[in-house]
Amino acid sequence: MAKDIKFSADARAAMVRGVDILADTVKVTLGPKGRNVVLEKAFGSPLITNDGVTIAKEIELEDHFENMGAKLVSEVASKTNDIAGDGTTTATVLTQAIVREGLKNVTAGANPIGIRRGIEKATSAAVEELKAIAQPVSGKEAIAQVAAVSSRSEKVGEYISEAMERVGNDGVITIEESRGMETELEVVEGMQFDRGYLSQYMVTDNEKMVADLENPFILITDKKVSNIQEILPLLEEVLKTSRPLLIIADDVDGEALPTLVLNKIRGTFNVVAVKAPGFGDRRKAMLEDIAILTGGTVITEDLGLDLKDATIAALGQAAKVTVDKDSTVIVEGAGSAEAIANRVGLIKSQLETTTSEFDREKLQERLAKLAGGVAVIKVGAATETELKEMKLRIEDALNATRAAVEEGIVSGGGTALVTVIDKVAALELTGDEATGRNIVLRALEEPVRQIAYNAGYEGSVVIDKLKNSPVGTGFNAATGDWVDMIETGIIDPVKVTRSALQNAASVASLILTTEAVVANKPEPAAPAMPGGMDPSMMGGMM
């Protein structure tokens with residue numbers, strides 16, 4: 001295919017047009033007074049959302065060069081979302097600001113490489129200062145505040161803080177759709193381990209790329225399944241019950257995996273295969289934990305058991321299993337409460353006698369998975385459109401809250417980024433590196449400007465007053481008041497803020513140092529039917 005190539009200023013200008021289109025679409029959602037964006041869906045009702053990464057992923061531009069710029073900013077939002085779970089709109093606003101200011105200087109003759117070094121040094125200084133001013137998060141009230149700010153709902157903040165209190169900060173918290181109109185919290189027994197499906201063709205929800213199994217049987221073995229004949233008698237038994245099957249094995253490969261996938265695609269039966277968690281002796285112990293939780297038996301040669309002789313009686317059972325590409329969650333295993341209690345007691349006694357810190361950590365993990373639960377926030381709403389929007393907000397809030405517990409909090413509303421300006425300005429740089437530093441200094445103000453603008457205030461006036469206010473004081477865009485941000489509960493996780501800045505600086509620097517862009521040439525349109533011919537006349541040509 002022929003390629004279209006642009007160089008230097010033309011290349012950068014085309015990409016920046018794409019950056020601006022995406023950023024201008026996303027940044028209207030920033031802050032407590034941010035607006036919504038309506039996304040058209042091929043099927044069903046439109047999605048109304050203020051979630052930055054969801055909007056960014058939907059944008060595809062007709063011009064190939066502009067689309068590349070937009071996709072780079074979308075990557076900033078996605079990366080920030082993957083690392084911190086929130087802050088995607090802030091990252092987009094920062095990227096646009098750095099690119100805009102940087103392009104002015106590059107066009108004026110500054111060296112892009114020098115500017116890039118200055119941006120990197122300024123970003124590092126800002127991140128160090130953010131970590132230095134961060135305050136740890138502890139207590140139910142502080143956790144509720146973080147979640148409430150992210151979700152814009154005090155009620156959601158209460159649900160998330162209660163969920164984290166009941167299953168622990170690292171516990172499993174999932175978000176589901178409620179059948180009613182009210183949002184509620186439910187804690188159920190469950191276990192999670194870090195192994196995902198072996199084939200993406202096993203998913204049941206193509207949008208979320210997850211496999212949901214309702215009331216499944218669970219085959220647990222430490223053997224490798226390569227020959228489908230080994231488990232064929234068992235599969236035939238399961239097929240008669242019309243229930244789904246989860247296979248937890250050392251591995252599923254050879255002819256077995258494609259055979260299972262083919263039957264899944266054909267709709268013969270619903271099956272998902274995952275690798276067993278852990279390694280060596282720890283794997284055997286974890287498989288035994290799963291077997292006790294689900295009321296099954298581990299098919300292992302250690303017990304003289306063979307896969308080809310296994311019956312349905314050896315399978316575990318659960319109310320629900322959810323598998324994504326990275327993890328598996330087993331909810332409401334069918335194991336007896338007495339057997340689970342005995343297993344918990346055994347692990348506790350091992351904890352008391354172990355001297356290895358590593359072993360202690362792994363035993364505590366197993367204990368939490370076996371004795372802990374899964375908190376489920378059931379989201380209710382009047383319409384499907386409102387339900388989807390609320391689910392996205394709660395997911396963001398949960399991620400932001402975990403990030404806050406992990407690295408601490410700073411003043412919210414973009415205030416923390418303005419607070420670190422003095423530290424960045426103190427960097428002694430010269431030439432184009434100093435220009436790069438100044439670009440970051442201007443960009444650090446941009447989130448506050450945008451939050452103020454979205455709330456109907458003049459951003460420059462707010463910035464000037466903020467710079468002359470005591471540290472910690474900021475602008476509450478929801479009320480128009482100047483308050484102590486942390487005391488008022490307007491806070492951001494430092495992980496979210498620093499990730500947004502780091503990712504924005506990284507991609508913006510790449511755009512500024514771009515010297516050529518290569519894109520596919522648009523394919524010519526198919527020739528139209530010759531004019532003047534009556535389509536009805538074509539009948540005689542057949």
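Placed from the backbone N, Cα and C atoms, the Cβ positions cover glycine too.
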Original post:
region 'Disordered' per Swiss-Prot sits at which of 3-22, 403-422, 443-462, 523-542?
Top reply: 523-542
Original post:
Swiss-Prot has Thr29, Leu30, Gly31, Pro32, Asp86, Gly87, Thr88, Thr89, Thr90, Gly413, Asn476, Ala477, Ala478 down as binding ATP; which of Asp464, Asp492 does it also list for that site?
Top reply: Asp492
Original post:
So which of the binding-site residues is most packed in, judged by how many other Cβ atoms lie within 10 Å of its Cβ, out of Thr29, Thr88, Thr90, Asn476?
Top reply: Thr88
